[in-house]
2 protein chains.
Amino acid sequence: MVFPKNIFNSHPKEDGDFFLGIQHILGFKPKKLKIYKKAFLHRSANKRDNEGNPMNYERLEFLGDAMLGTIISHYLYKQVPGGDEGYLTKMRSKIVSREHLNELGKDLNLIQFVESRIPKSHFGDNIHGNVFEALVGAIYLDRGYKYCEKFIQSRVIEPYVDIEQLEGKVISYKSLVIEWCQKQKKSFNFDVYEDTGKDLLKHFAVKLSIEEHVIAKARATSKKKAEERASKRAYFALQNKIDKA
Amino acid sequence: MVFPKNIFNSHPKEDGDFFLGIQHILGFKPKKLKIYKKAFLHRSANKRDNEGNPMNYERLEFLGDAMLGTIISHYLYKQVPGGDEGYLTKMRSKIVSREHLNELGKDLNLIQFVESRIPKSHFGDNIHGNVFEALVGAIYLDRGYKYCEKFIQSRVIEPYVDIEQLEGKVISYKSLVIEWCQKQKKSFNFDVYEDTGKDLLKHFAVKLSIEEHVIAKARATSKKKAEERASKRAYFALQNKIDKA
């Protein structure tokens, strides 16, 4: 007699890890774990639902892409009261660009959850952005519009969206900070070190000091990004001083 | 001494009419009437807000276009579990096509509320769809996502969206009904009459009788549309019989 290995196809230990991993990324508890599993299911896995419909993340990606566009549209609408339709459209397409979404998905290391028959190293860059969109679709189905908005606010808008930078008015916060220090004859130092911690992807941390005082810290998947992020924080901390300089 | 005609630029009588007109279209009470006024403000009116920003419906149109896309995406996701991303994208673009949105705006006679310096007869067809999108944006800002969804469900999906027809599987319900009657050797009659009522646009009403019994009624802005709508209703009422025939 053969006992089925996994009755109901359930893997309590794996599900627990997946739950915690997803919760960590979302910043809140997922309710229907099954929806999130679908968000990471590549078509090569050839899964089907009970009705025989192909099951993979592409339908959720369709939904998430639309949600993301709407939430960013609303954000821009509120944020830039003087921007006309053309401006808003241009800014939105910069924020939800393929390149940007790939970066977001990569920084959240979403590929760790992807289920596929193709080795992960064979995927191109787009898988990161596609899975990110699918995750947004899954959040919407699981927790509704408000949670979706919350997630996009904390994971897309706060860390990544800088309207001045998108407008091209500010090319680099690092150069603004350096310029200010030189003008003010103040010493500065970017202390960069590897800080991968529990992440699967390599991460870097930066401490930015001015006159030997640490005034901003940041962490990202590249040295350049971490420096830019720390500089941005420093810039806003110093803004009054810089504007008057 | 000259008394200002309209202190605070308020027009209690006109506002009351506008409120009732909008409420009739929405199917629920608007809260912030000001937002809806903006949804009908053409750029030619050259209005500005207190901060000096140009004020017209174009920004709301940007927002409403995104909302509409998302709500239709979610509807299709639920409605067609077997449709892949390509199918869903194609169906969505049929539903939110320029032509379709213009038709929606026209049927709701939204142009009656438009404030512009250009005579309304000078506008092309797109104003109907543009103002419809702006209205969706206004609903979202005034009452949130759920009300927006409700409005699109009752004003777009229920009366207009028929997946079989969009897929091209059903070209015309009228021809299906006629075919069935002929096969079953039953007499039928489309009784069409003008029924404009309180609407500003011309409207037509249709009574579809089979064997002298009225089995469906409908009303629309053209004879053809009214006949098709009545036929669709009749088709669903008769569906079992037709499928078995």
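Every residue gets a Cβ built from N, Cα and C, even glycine.
Site annotation for Mg(2+) in TrEMBL covers A:Asn130, A:Glu133, and the matching candidate from A:Glu58, A:Glu61, A:Glu211 is A:Glu61. Confidence annotation: the domain 'RNase III' (A:19-144) carries a mean pLDDT of 94 in the model. Under 8 Å, Cβ to Cβ, and six or more positions away along its own chain, A:Asp65 (active site) finds A:Val96, A:Glu133, A:Val136, A:Gly137. Residue counts for the domain 'RNase III' (A:19-144) under DSSP (helix as H, G, I; strand as E, B; rest coil) come to 85 helix, 6 strand, 35 coil. The Mg(2+) site is defined by A:Glu61, A:Asn130, A:Glu133, and by the 8 Å test on Cβ atoms against their centroid, the other residues of the chain that qualify are A:Tyr57, A:Glu58, A:Leu60, A:Phe62, A:Gly64, A:Asp65, A:Leu101, A:Gly129, A:Val131, A:Phe132, A:Ala134, A:Gly137. Its Cβ placed at the centre, A:Glu133 (Mg(2+) binding site) has 26 other Cβ atoms within 10 Å.
Summarising the environment of A:Glu61 (Mg(2+) binding site), the number of other Cβ atoms within 10 Å of its Cβ, over all protein chains shown, is 22.
Helix, strand and coil residue tallies for the domain 'DRBM' (A:172-240), in that order: 29 helix, 22 strand, 18 coil [DSSP].
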